[in-house]
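Annotation source TrEMBL lists domain 'V-ATPase proteolipid subunit C-like' at 1-34, 62-118. Taken from TrEMBL, the feature transmembrane segment covers 15-35, 56-78, 98-119.
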Amino acid sequence: MGGSVRSPQVATRNLISVIFCEVVAIYGIIMAIVFSSKIASISPAGGFSDSDYFTAYSIFFGGLTVGFCNLACGLAVGVTGSNAVLADAHDQQLFVKILIIEIFGSVLGLFGLIVGLLVTGKAVNFGGM
């Protein structure tokens, strides 16, 4: 029997994990907007400058960092959120304790956002504009 069938009050508490996962998706959208502001059309006929290579690599590694941190955050929030609901169905006093652990897992995505912003912060637009 599922946890929500045995204790109906856990259905609303399960939404907290869903909200944490939505926040991680918003982190990805924020980084996509930052990345798109750095991208411009340039002609490779004259060759690429060092700043173009720096911008390309900073966008790539910023995206890679944010992506892997959000993946780890999603896994941590998903597993912890599932266990939080089942623990709440068993004993209601455990929910707040496991919620704190879920918040610590959610911080991984915020860490990825901050590192991604720092990595791409020094990059100039393509073409040196």
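Cβ coordinates are placed from backbone N, Cα and C, and glycine is handled just like the others.
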- Just give the helix, strand and coil counts over the domain 'V-ATPase proteolipid subunit C-like' (1-34), going by DSSP. 28 helix, 0 strand, 6 coil
- Query: Taking DSSP states H, G and I as helix and E and B as strand, how many residues of the domain 'V-ATPase proteolipid subunit C-like' (62-118) are helix, strand and coil?
  - Reply: 54 helix, 0 strand, 3 coil
